[in-house]
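Enquirer: My structure is below; once you've seen it, I'll send some questions.
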Amino acid sequence: MIIFYGLFSILVLTSINIAEAGHHNRVNCLLPPKTGPCKGSFARYYFDIETGSCKAFIYGGCEGNSNNFSEKHHCEKRCRGFRKFGGK
């Protein structure tokens, strides 16, 4: 019985950590797009909280943030379902 409770506790703690990690990753969807100071010109996608959709932007190549995806479907997969409170 002690083994059962031990395994159950491990399962619960692991589930909590996984849920928190997923939430942390999705918080990146709230960041504004950041081109950065470098002079590169990379086509990227960011999640626009106002519209609830992923949009294209040009990334300079350095000092961006985590709301920066190389492909639109990656952006959509990560940020799907986010909307600004009070949004239409």
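The backbone N, Cα and C atoms fix where each Cβ goes, glycine too.
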Enquirer: State the disulphide partner of CYS62 as given in Swiss-Prot, choosing from CYS38, CYS79.
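Expert: Candidates were CYS38, CYS79; Swiss-Prot matches CYS62 with CYS38.
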Enquirer: Could you identify, going by Swiss-Prot, the member of CYS75, CYS79 that forms a disulphide bond with CYS29?
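Expert: Its disulfide partner, as Swiss-Prot records it, is CYS79.
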Enquirer: Just give the helix, strand and coil counts over the domain 'BPTI/Kunitz inhibitor' (29-79), going by DSSP.
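Expert: Each residue of the domain 'BPTI/Kunitz inhibitor' (29-79) counted once, the result is 10 helix, 15 strand, 26 coil.
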